[in-house]
Amino acid sequence: MLKQVIKTVSSSQAPKKYFFKQFCTSTTEKKGRVGLVTLNRPKSLNALSDGLISEINSAVKLFQEDKDVGSIIITGSEKAFAAGADIKEMEKVTLPDAYNNDLLAQWHDLTKIRKPIIAAVNGYALGGGCELAMMCDIIIAGEKAVFGQPEIKLGTIPGCGGTQRLIRAIGKSKAMELVLTGNNLTAVEAEKAGLVSKVVPVEELLTEATKMAEKIASYSQLTVAMAKEAVNASYELTLQEGIRFERRMFHSTFGTHDQKEGMNAFVEKRTPTWHNK
């Protein structure tokens, strides 16, 4: 469904833009070497319904398979990245329903994507929206962005990694405060706490995210994937285990064409030509 291109725009100044078929609750676009997924449920502030999560997964999987795409951006609207899970879908779910159907399990498919994903966050990133942003590899925030895990106000707790990823991003005390009080972080507070990579003016968010995504996509996709895997391994390994894993990954790069090309280009003072192998 997503593979059908419906419009192509190009110019001598700008990279080609491919507009893919619009889903019910999101749109996808390929801008040069960057895949862009835009959440589009404005009436619900991009509440993350099962359908929207399914569409996000479909889009990023397509971009994962596209050899011309080196990085991916997920964004929402100026008012909301995603204001949370779709409570209307959840309010009547019973314990047997949640357990037997493994409620929210499909959300974690995003973390299986090997290409880097940048969350470009404007407005609300609350509950599931904050968790979605944290599943991405880098978070860039517009200056009016708001982050939080307010599930406690609904009589429940974060269910898609909020209690686990938040503590790794900002430490136990601050994570515990947000989860137990339902308080929010402003964009500046989130950057100071380490949740966000950088804060930019609202109108410059997508431009800055695209600039970063393009820079990442300009490198060897193979090496970038290896670097992402090495950094993510730190979540699961002890320091010494992680250092050994990193060293093995480092050694592995010497078996790639792109390592040879990169070092040869450096010595020869030229721009490398990557072959992603």
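Every residue, even glycine, has its Cβ placed from backbone N, Cα and C.
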Query raised in the report: Swiss-Prot has Ala85, Asp86, Ile87, Lys88 down as binding substrate; which of Gly35, Gly128, Gly129 does it also list for that site?
Result: Gly128
Query raised in the report: Which residues does Ala85 (substrate binding site) neighbour through Cβ under 8 Å, counting only same-chain ones at least six apart?
Result: Ala47, Leu48, Leu104, Gly127, Gly128, Cys160
Query - Beyond the site residues Ala85, Asp86, Ile87, Lys88, Gly128: chain residues whose C-beta lies within 8 Å of the centroid, for substrate - result: Ala47, Leu48, Ser49, Gly84, Glu89, Met90, Gly127
Report task. Give me the Cα-Cα distance between Ile87 (substrate binding site) and Glu151 (site 'Important for catalytic activity'), rounded to a whole Å. Result -> 11
